[in-house]
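As recorded in TrEMBL:
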type	residues	note
TRANSMEM	21-40	transmembrane segment
TRANSMEM	63-84	transmembrane segment
TRANSMEM	91-110	transmembrane segment
TRANSMEM	116-137	transmembrane segment
TRANSMEM	181-202	transmembrane segment
TRANSMEM	266-291	transmembrane segment
TRANSMEM	303-325	transmembrane segment
TRANSMEM	332-353	transmembrane segment
TRANSMEM	359-378	transmembrane segment
TRANSMEM	390-412	transmembrane segment
TRANSMEM	424-448	transmembrane segment
COMPBIAS	468-478	compositional bias 'Acidic residues'
COMPBIAS	485-494	compositional bias 'Polar residues'
COMPBIAS	503-513	compositional bias 'Basic and acidic residues'
Amino acid sequence: MGRPDPEEGQLPAPVKPPDGGWGWIVLLGCFVITGFSYAFPKAVSVYFKELMKDFHVGYSDTAWISSIMLAMLYGTGPVCSIMVNQFGCRPVMLIGGLLASAGMILASFTTNIIELYLTAGVLTGLGMALNFQPSLIMLGTYFDKRRPLANGLAAAGSPVFLSSLSPLGQVLLEKFGWRGGFLIMGGLLLNCCTCGAVMRPLDMGMKRKMGKAQDKYEAKEMLPIGGKSEEGISTTDGTKKGKKAKKKPKKGKKLLDFSIFSNRGFIIYTISKFILVLGLFVPPILLVNYAKDTGVPDTEAAFLLSIIGFIDIFARPACGMVAGLKWVRPHVAYLFSFSMLFNGLTDICSARASNYTGLVIFCVFFGISYGMVGALQFEVLMAIVGSQKFSSAIGLVLLIEAFAVLIGPPSAGRLVDALKNYEVIFYLAGSEVVLSALFLGVASYCCLNRGKKEPPPENNPSAGAGSDTEEAESDVQEGEEHSSNNHQPAHSTDNAVAVANEEANHVAEEQRGEGGGCPAGDGEVLARDGCNADQMVERDSF
C-alpha cells in the first residue's frame, strides 16, 4: 500500500538484503571501483615530475590534476544521485566507465596543462564518480547484517590498487613515458564497465507476483466455493486497484531527498567530513615528491605509496569486522572519531621525518589510520540516514566535500612552492584531521546522546492505531462503495468486507504487540476500548 512504482521514477520498496549470494559478486565489483576511484588520483602523482618538466609548471599546478579528479568524484554527487534514482545503477556505471577511459586516453595527446585538467581531471574524474557512488548504493542494497564487513572489504580495494598502480605507473613511465602510461591507464579503466555490468538490481517482480497470488489464495479460502467466490475476489482486486489509483497522484518524484538535513547526526557528520577532507589527502599526494626532494631514488619513493597500500589492505577489513561486533556497532561514530584522531596525530608526529626510514615508519602508521577512516566513513553515513535515503545523502555529502578537496591539496602545493618546507604542510594537515575528530566525537556526545536521554512524550491512546490499520479500514469503505456502484450481490460484498475487517483486526493486533499504543486485549476489546473507534462505527453501519 502506498508503494511507489519504479517505472514512475521512484525507487522500489526495500527488499530484505540477501547478505550473500550475488551480493559477493557485487562486492567484488565495488572492490574494483573503489580501488580505481581512490587510488587513481594518488597514483597519478608518479607522473608529476615529468609533467613539471614538459609543461614548465610547479608543484601546485600538477597537484591540481589530482585535486580536480577528487573534486569531480565528490562534487558531482548530486548529479549521480539524480541519475541513479532516475535510470538505475547499472546504466550509470557503464557510461561512467567509458568516460573515465576516454579521459585518460585523450590526456595522452594533450599539449598543455589546461588540456590535462580538462581530460585527466574533469572527464576521468566524472567517469569515476559515475561508478563510485552507484557501487556503494548497490552494496548497501545487498548487505545489512554483514554491511560493516562488506564496507571494509570493498574499501580495501583502494590500498590494493594503490600498492599496484604506483609501481605500475613508475614502470610505464620509464618504458613508455607519461603519454604511453596515460594511454595504458585509460585501457585499464575500461574494467569499470565490466564492474557496472554485474550490478544487478534486486528483482521486485517475483515478490509482487507471489504476494498477489497469496492474496487470491487467502480470498478463495475465506469465500464460498463457486462463481460467487470469483466475484468476491474481483471485488477485493477492484478495491485495491481503486485505492491504488486514488493514492497515485499523492506520490511525486523525489530525485534528491533534502529532508535528511533535518537529521542532526547527518549535519554533524557532514561538517566533520568537510574539515577532515581538507587535510586527509594532502600527505599521500605530496609524499612521493617529498621523498624525491630528500634524495630518495624514484623507484623507492614510489614504493612508499605501496607500503601505505599494503598496510591499508589489512586495516580496512579488520576495522570492518570490529565495527560489525554487537557491542561496537551502536557506537561506530566514536570509532570513526578515534580513527580520524589517530590519522591526524600520525601526520603531526611524522612531520620531522627527513630520511627514508622515518618515511617508512610514517607510511606504516598512516596506512593503519587511513584504512580505519576508509572502512568506516560510509558505514557511519549508512547508519545515520538508512539505506533508503543513502543515495541522496551520499550525493549531498560528496558535493560539500568537493569544496574541501579543491582547497586542501592545491593550497598545500602552493605553500610548498612558497616555503620549500614540507614540515609545515604535515603539521597543518594533521591539525585539520584532529579538529574534525574532536568535533565529531564531542558533537555526537553532546547533541545526540543527550537527546536520547530526554523522556519520550506519552502516547495518545486514541491515536494508537497505526497507519496500516487506517488503510485497512479505508479498504473496507472503498469495498462498500465499489460494490454498491457496480450492483454486486449483497452476500458477496459482505464476505469481502468480512475479509477486510479481519485484516484490519490482524494489523491492529500486530501493532499492539509492537507497542503501538493500543491497550492489550483481543480484537473485540480493541473496538470497545476506543483504540479504533472509527472502525466500530463502520462495523455498526454494516
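Glycine too: its Cβ is placed from the backbone N, Cα and C atoms.
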Discussion item. If you count every Cβ pair below 8 Å, which range out of 91-110, 181-202, 266-291, 424-448 shares the most with the transmembrane segment (332-353)?
Written reply: 424-448
Worksheet entry | Cβ pairs under 8 Å between the transmembrane segment (116-137) and the transmembrane segment (390-412), at least three | yes
Discussion item. What residues elsewhere in the chain lie close to the transmembrane segment (266-291), defined as a C-beta under 8 angstroms and at least 6 residues from its ends?
Written reply: 41-42, 45-46, 48-49, 59, 63, 66, 70, 74, 166, 260, 300-302, 304-305, 308, 333, 340, 343-344, 347, 356, 359, 363, 366, 370, 373, 377, 380-381, 384-385, 393, 396-397, 400-401, 403-405, 407-409, 412-413, 416, 422, 425-426, 428-433, 435-437, 439-440, 443-444, 447-448
Item to complete: Could you pull out which residues elsewhere in the chain have a CB under 8 Å from any CB of the transmembrane segment (63-84), counting only those six or more residues past its ends?
Response: 37, 40-42, 44-45, 48, 51, 92, 116-117, 120-122, 124-126, 128-130, 132-134, 137, 255-256, 277, 281, 285-286, 391-392, 394-399, 401-403, 405-406, 408-410, 412-413
Discussion item. Please report, as numbers and ranges, the same-chain residues at least 6 past the borders of the transmembrane segment (359-378) whose CB is under 8 Å from any CB of it.
Written reply: 38, 136, 151-152, 155-156, 158-159, 273, 276, 280, 283-284, 287, 290-291, 294, 296, 304-305, 307-320, 323, 332, 335-336, 338-340, 342-343, 346-347, 350, 353, 394
Practice prompt. State the non-local partners of the transmembrane segment (91-110) in its own chain: residues 6+ outside its ends, Cβ under 8 Å from one of its Cβ atoms.
Written response: 33, 36, 80, 83-84, 116, 119-120, 122-131, 134-135, 179-180, 182-183, 185-187, 189-197, 199
Discussion item. For the transmembrane segment (181-202), give me same-chain residues lying six or more residues beyond its boundaries with a C-beta closer than 8 angstroms to one of its C-beta atoms, as numbers and ranges.
Written reply: 12, 15, 18, 22, 25-26, 28-30, 32-33, 36, 40, 47, 88-90, 92-94, 96-98, 100-105, 107-108, 120, 124, 127-128, 131, 134-135, 138, 141-142, 169, 172-173
